[in-house]
Amino acid sequence: MALVTTAEVCDANPQLIVSGELRALQPIFQIYGRRQVFSGPIVTLKVFEDNVLIREFLEEKGNGRVLVVDGGGSLRCAILGGNPVVQAQNNGWAGIVVNGCIRDVDEINGCDIGVRALTSHPMKANKKGIGEKHVPITIGGTRICDGDWLYADTDGILISRTELSV
């Protein structure tokens, strides 16, 4: 998708927007990481102020997938930091989208991976390991299911039920 923008995808697929198969997340995310354009099949995770399951996922091989984390929109601590993002980059994840906060911004901005989050926060998360993997989540006004596809660039983030031939 490097040559086709999210805006062009929207313009070319009005029928998918009307049917709900193609959805845009609300523009609430900040852009981090060196890879401003990324896409891939989604893995969903739901946590609240706890980062154990996020770290576990990013220790696995990413195979070009995108981890989408519903952190409940919490602004009280960071659920993603520099070390797991470095690990995600090295394990072949295409990107990480966090409905919550991150920290170690300078380190994350040095990584060749796409990261989106609400903002940054210096305090670290709990480590209880509580959360739900591979469940439908709602972020930015949009329902996202495990296996959906995500397309992100500097204009925004699109969620599609299927891989788009762009």
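One is the number of the first residue shown, and numbering goes on along the chain from there.
Including glycine, each Cβ sits where the backbone N, Cα and C put it.
Automated prediction, rather than curation, is the source of TrEMBL annotations.
Look at TrEMBL and you will find Gly81, Gly82, Asn83, Pro84, Arg103 tagged as substrate binding site.
Taking the Cβ of Asp104 (Mg(2+) binding site) as reference, residues of its chain lying under 8 Å away and at least six apart in sequence are, in sequence order, Gly81, Gly82, Asn83, Val85. The Mg(2+) binding site annotation in TrEMBL covers Asp104.
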Extra residues within 8 Å (Cβ to Cβ centroid of Gly81, Gly82, Asn83, Pro84, Arg103), substrate:
Ala78, Leu80, Val85, Val86, Ile102, Asp104, Glu107, Ile108
Within 10 Å of its Cβ, which one of these binding-site residues (Gly81, Gly82, Pro84) has the largest number of other Cβ atoms?
Pro84
Sparsest-packed among the binding-site residues, when each Cβ's other Cβ atoms within 10 Å are tallied, from Asn83, Arg103:
Asn83
